[in-house]
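What follows is a set of notes on a single structure, which appears directly below.
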């Protein structure tokens, strides 16, 4: 071992999970000089999937969310709330705003009786929309909806701030390198933390990991100050303001590895978002981006593995 009397942790992956994991470790052991941390990744910001995302806080799903996810989501919400009232807000691209979620389109709703989501107790200012408020969206004709106070993060700025924070600690080093097998690291570290997202399909041989292709459009629409999630006859859409743009989306195309923009998706996204906010009908183009979300059939994996080679890995 290169650090015979020290403890060395290696994080593989430098997206939002990898970097926030690193920050959590440093805060847990702020004065431990026997602790070293290496972050290895083929890609760093601004070239990660997270740099493309709209960074919107909301647990995925409404009726049956894993209790672990709810706990983690609540912890994340509280961190964002704390950071919003700190000096780092502007540099980190953190925005607090109201978010409207609208169910159903032209009185058609596959989930007729939408219950209050499980995460409603985690957020500030949650309430179900009344009849008058739903009628404001008469062009959509939703059957129900709710509004809450939440956060949208411009992830490229947030990742940049996380990297800056980590680089100021002499116990941390960054290595830009593609890892093909965990065995490459077995004589260099005491513990590996796998934060590779979609890369875990090959690196960890996890065949339950699949891509969920997302295409978005970034536009200039400074009059939009709230988030809108909504149903249409063409699928589910969203409108998410950020510091210097508004993100229109989106797609959730399972098992699609295509990272090129599809003109048909662009047109569909623009049509869907104009159905929610008619002022967007004037938008004809924007910056189109595509990213591959990591999706796992069995849900989020958080567990310790000790391989046959004796390597300790946390997935």
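Don't overthink the numbers, they just go from 1 along the chain as shown.
Each Cβ is built from the backbone N, Cα and C atoms, and glycine gets one as well.
What TrEMBL lists as domain 'FAD dependent oxidoreductase' is 9-304.
Residues or ranges marked as FAD binding site in TrEMBL: 196. Within 10 Å of the Cβ of residue 196 (FAD binding site) there are 26 other Cβ atoms, across all protein chains. Residue 196 (FAD binding site) falls within neither a helix nor a strand when secondary structure is assigned with DSSP, and so counts as coil.
The feature D-dopa binding site is assigned by TrEMBL to 238, 293. Secondary structure at residue 293 (D-dopa binding site), taken from DSSP and collapsed to helix, strand or coil, is strand. Within the same chain, residues at least six positions away from residue 293 (D-dopa binding site) with a Cβ under 8 Å of its Cβ are 49, 198, 211, 212, 213, 214, 252.
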Checklist entry - Just counting, how many other CB atoms are there within 10 A of the CB of residue 238 (D-dopa binding site)? => result 22
Checklist outcome for this item: Once DSSP output is merged into helix, strand and coil, residue 238 (D-dopa binding site) belongs to strand
